[in-house]
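What Swiss-Prot records for this protein:
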ACT_SITE  Ser177  active site
ACT_SITE  His203  active site
ACT_SITE  Asp299  active site
DOMAIN    6-123  domain 'Response regulatory'
DOMAIN    165-356  domain 'CheB-type methylesterase'
MOD_RES   Asp57  4-aspartylphosphate
Amino acid sequence: MARHIKVLIVDDSALVRQTLTDIFSADPELEVVGTASDPFVAVKRMETVVPDVILLDVAMPRMDGLTFLRKIMSQHPIPVVICSAVTEQGAEASFKAMEYGAVEIIQKPKVSTKQFLEESSIRICDAVKAAARAQLRKLAAKRFEVTPKLSADAMLPANAGRSVVQRTEKVVVVGASTGGTEALRVLLEAMPPDCPPIAIVQHMPEHFTAAFAGRLNSTCRIQVKEASDGDVMQRGQALIAPGNLHLLLKRSGSRYYVETKEGPLVRRHRPSVDVLFRSAARYAGNNAVAAIMTGMGDDGAAGMKELHETGAYTIAQDEATCVVYGMPHEAVKLGGVDAVLPLGALAAAIVKACNS
């Protein structure tokens, strides 16, 4: 019998604690072993049972989540998923938490439409499973499919002809998930100011991507911004897909631009790496350079294979530097990867491929 992932929920809202408990109780892989209204109660709970994953609110009375997180990571590291409200302060605190060692960010569940609750449940459960795998690499529980895992066909039909206009301008597409916030910082800070245009999908909740892009923009030599529909791809700039919208690469004449679109979850995600990669295969072909980075699941693997078949240069982050070696591993297994490299070597390899 598959081993349950033990979850401890720490949030000062009784409604949030109950909602999360209900969500996890519906997934056979997850088991709530305790709830706590603040970090002091959480410590008491952990004296009797050690969880595999802690779901942690940031803003709490008596001791805030960031202080508790730092204590956990310094004394007894446990994978932590930050459960944050959608506010500017919440987003900033969440990214601070990622710097302190948290592995995922999720948006607090809220009562809304049936579709929102279903999709929110999928994302929350997947985030906890990914966090557990970041430490428990040998975890072998069979994935519980809540909804069908759609392919990129749901957003962009496969291109039978693959008639890509040949151009000399290169464009870079990148996909990441669990552990990607820190990995993308390392990648983009190493990019030269005149680097080729970059489009990025990082699995992240709605409203958090703008703050994430802003933080990167303040530390990188290139411009980093959340993508808007119709943005033209420019050298020295990286565009990050908005949370809850798919990002597609398009071309008009000699210019690349991006399109942001609503649509179903693809590979259980929106935005989806597969959607971005398929659009790059269609509109850039062998003028694209693609990188797939740390993350759980298989989003991006099929799209990278399509890019590889058009002649694009494809790179996967290696297992040693991934928080979760899921997405890169699936891409390698499909045979769509030209090179497997450590995180610190990705930027130079991308620039070299674009200049060759």
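From the backbone N, Cα and C atoms, a Cβ is placed for every residue, glycine too.
When pLDDT values are averaged over the domain 'Response regulatory' (6-123), the model yields 88. The recorded positions considered are Asp57, Ser177, His203, Asp299; of these, Asp57 has the fewest other C-beta atoms within 10 angstroms of its C-beta. Between the alpha carbons (Cα) of Asp57 (4-aspartylphosphate) and Asp299 (active site) lies a span of roughly 27 Å. Per DSSP, the secondary structure of the domain 'Response regulatory' (6-123) breaks down as 54 helix, 25 strand, 39 coil. Distance between Cα atoms for Asp299 (active site) and Ser177 (active site): 9 Å, as a whole number. Separating the Cα atoms of Ser177 (active site) and His203 (active site) is a whole-number distance of 5 Å.
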